[in-house]
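> The structure under discussion is supplied below as structure tokens; questions concerning it will follow.
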Amino acid sequence: MAQAEVLNLESGAKQVLQETFGYQQFRPGQEEIIDTVLSGRDCLVVMPTGGGKSLCYQIPALLLNGLTVVVSPLISLMKDQVDQLQANGVAAACLNSTQTREQQLEVMTGCRTGQIRLLYIAPERLMLDNFLEHLAHWNPVLLAVDEAHCISQWGHDFRPEYAALGQLRQRFPTLPFMALTATADDTTRQDIVRLLGLNDPLIQISSFDRPNIRYMLMEKFKPLDQLMRYVQEQRGKSGIIYCNSRAKVEDTAARLQSKGISAAAYHAGLENNVRADVQEKFQRDDLQIVVATVAFGMGINKPNVRFVVHFDIPRNIESYYQETGRAGRDGLPAEAMLFYDPADMAWLRRCLEEKPQGQLQDIERHKLNAMGAFAEAQTCRRLVLLNYFGEGRQEPCGNCDICLDPPKQYDGSTDAQIALSTIGRVNQRFGMGYVVEVIRGANNQRIRDYGHDKLKVYGMGRDKSHEHWVSVIRQLIHLGLVTQNIAQHSALQLTEAARPVLRGESSLQLAVPRIVALKPKAMQKSFGGNYDRKLFAKLRKLRKSIADESNVPPYVVFNDATLIEMAEQMPITASEMLSVNGVGMRKLERFGKPFMALIRAHVDGDDEE
């Protein structure tokens, strides 16, 4: 393309931005990407949700003379984009299975005659032989592959139909390709470039940081009640609640509705018209909350979602990041709340182990472990996210639960040096479990076979628990001093940032591992204050006695959450007891008296213990 022509197109980009899309200035990175595409060079764009990825191909589509084809995985995503473009006066259309044959022919005629500038299409439809023949005659000027991480088995949402897109480079060797994603680590990025056959692409990686989103975690205790209270505290704000099964989606939505909250279920098992109705009502603010499986949201461009809840832990950080990214797209404060129970992680791990052995299972295991490390982090959660994506930062954000309510710190320089030195001494070839065994001086054949029992660092940390050293190494990963090489069975490897700590040139504050105190502290925090642990123990003992007499499990009497609240509020009258979550009239009548008597005796200090 001639230089003068490129310059003319580049100046036109600002005009299209202002006149067609109504924005006065480009966001960081957008202009360079657009200029690169207009010059005919391939691009890989990694930009957070709400960061303006779509404009990177929509503006060139309006400046280049011809058809731009956009590969998109979901009908809802296509429809949303096309509706927005048409509202801006752009000749855009999509081809999908919900259209009649007449509608599809009309779209194809528009592509052939040049009336349509942007065509959205699913990968499986695009790759049909007869469609590729049509496309060749239409002389496309740009191919944009949205959600490009779907092409990579290293990605968090691999889709086999995306893998076939690699054949397009042979069919269209000179056509500029653009791949776009919000979530791709370095391995996934390399995979996208290789599998799509991108030629010397510009790789534009924007910051993954969404500073307006507050990342929070609540340990599950009585999850539905915790969720109800959380939603009620939102006071009518718009939100999405993600669950990992259709049944839980239905149950949770019904529970919210029973509390008078405007909520609806959304999952792939519902009829198309029901899903479309829910999506439309949510988009129009006629519905406060959508309770959904992960099928919901990829096509959502609702700017005023104020909170996203993960009622179950996702299988990987990429999914978590993408789904939480649907909050606060207007840049105003928003919150991402993760409900966490280590048992959920154990269940996901069991499910994973039932899958066929192989590289794909290894990838999924690595990603699941990273998600678990995020949930159990004792350092700034935003740092965990950003360092996972390779965006090295060491300054805590001040806007997550860890920063707002920090765990106790200690001078971890010596522990860090032991861990970092051990990683280096075993040649950065081994995973966390093995490194911890060396640190603690484990006496096993594998360590002896490698001669690692002869290392100076062997056994230097035997005075501390396995959990302690796992916590230390996880924190070093979160702080960007250590990485896990997914391609080498999650081997621990040192970064440049580790050098000054290893040399003793800088000290390092680490969080005291909350191995024992974590659960009680999380529960105490969830229920809004301190509770009397001695009284709690007595209440549990009484509950066990009553449950045994009644031949029911203890939780049928009162669950632990209710007992903690009793130990916090110390109710000694019927009205006070009824104010405790989990105590209704029937349970008050049946079990109330002995519990109130025990609490009264404890308060008066004249109980037996």
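Numbering starts at 1 and runs along the chain as it is shown here.
Including glycine, each Cβ sits where the backbone N, Cα and C put it.
Pasting the feature list from Swiss-Prot:
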BINDING   GLU10, GLU31, ASP35  Mn(2+) binding site
BINDING   TYR23, ARG27, GLN30, GLY50, GLY51, GLY52, LYS53, SER54  ATP binding site
DOMAIN    34-202  domain 'Helicase ATP-binding'
MOTIF     146-149  motif 'DEAH box'
DOMAIN    223-371  domain 'Helicase C-terminal'
BINDING   CYS380, CYS397, CYS400, CYS403  Zn(2+) binding site
DOMAIN    529-609  domain 'HRDC'
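Can you walk me through where each of these features ends up in the structure?
In the three-state DSSP scheme, ASP35 (Mn(2+) binding site) is classed as helix.
Long-range Cβ neighbours of GLY50 (ATP binding site) (same chain, at least 6 residues apart, Cβ-Cβ under 8 Å): ARG210, PRO303, GLY325, GLY328, ARG329.
Panel annotation: around the motif 'DEAH box' (146-149), residues 44, 53-54, 70-73, 77, 155-157, 162, 179-181, 183-184, 188, 192, 196, 298, 318 of the same chain, lying at least six beyond its termini, place a Cβ under 8 Å from a Cβ of the stretch.
Here the domain 'Helicase C-terminal' (223-371) is broken down by DSSP into helix, strand and coil counts: 69 helix, 23 strand, 57 coil.
Less than 8 angstroms from the CB of CYS380 (Zn(2+) binding site) sit PRO396, CYS397, CYS400, ILE402, CYS403, HIS478, each of them six or more residues away in the same chain. Secondary structure at CYS380 (Zn(2+) binding site), as computed by DSSP, is coil.
Across the domain 'HRDC' (529-609), mean pLDDT in this model comes to 82.
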> Around the ATP site formed by TYR23, ARG27, GLN30, GLY50, GLY51, GLY52, LYS53, SER54, which additional residues qualify by having Cβ within 8 Å of the site's Cβ center?
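Along the chain, the qualifying residues are MET47, LEU55, CYS56.
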> Give me the Cα-Cα distance between GLU31 (Mn(2+) binding site) and TYR23 (ATP binding site), rounded to a whole Å.
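Roughly 13 Å, rounded to the nearest whole number.
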> Would you please pick out, from the binding-site residues CYS397, CYS400, CYS403, the one with the fewest other Cβ atoms within 10 Å of its Cβ?
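The binding-site residues CYS397, CYS400, CYS403 were compared, and CYS403 has the fewest Cβ atoms within 10 Å.
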> Near the Zn(2+) site, what residues other than CYS380, CYS397, CYS400, CYS403 in the same chain have a C-beta no further than 8 Å from the centroid of the listed C-beta atoms?
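Going along the sequence, the neighbours appear as TYR215, ARG381, ARG382, LEU383, PRO396, GLY398, ASN399, ASP401, ILE402, LEU404.
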> Using C-alpha atoms only, work out the spacing between ARG27 (ATP binding site) and ASP35 (Mn(2+) binding site) and round it to an integer in Å.
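Approximately 14 Å lies between the Cα of ARG27 (ATP binding site) and that of ASP35 (Mn(2+) binding site).
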> Would you mind reading off the Cα separation of ASP35 (Mn(2+) binding site) from LYS53 (ATP binding site), to the nearest angstrom?
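About 14 Å separate the Cα atoms of these two residues.
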> Quick one: DSSP breakdown of the domain 'HRDC' (529-609) into helix, strand and coil?
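So the domain 'HRDC' (529-609) is made up of 57 helix, 0 strand, 24 coil.
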> Look up CYS403 (Zn(2+) binding site) in the DSSP assignment and reduce it to helix, strand or coil.
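DSSP call for CYS403 (Zn(2+) binding site): helix.
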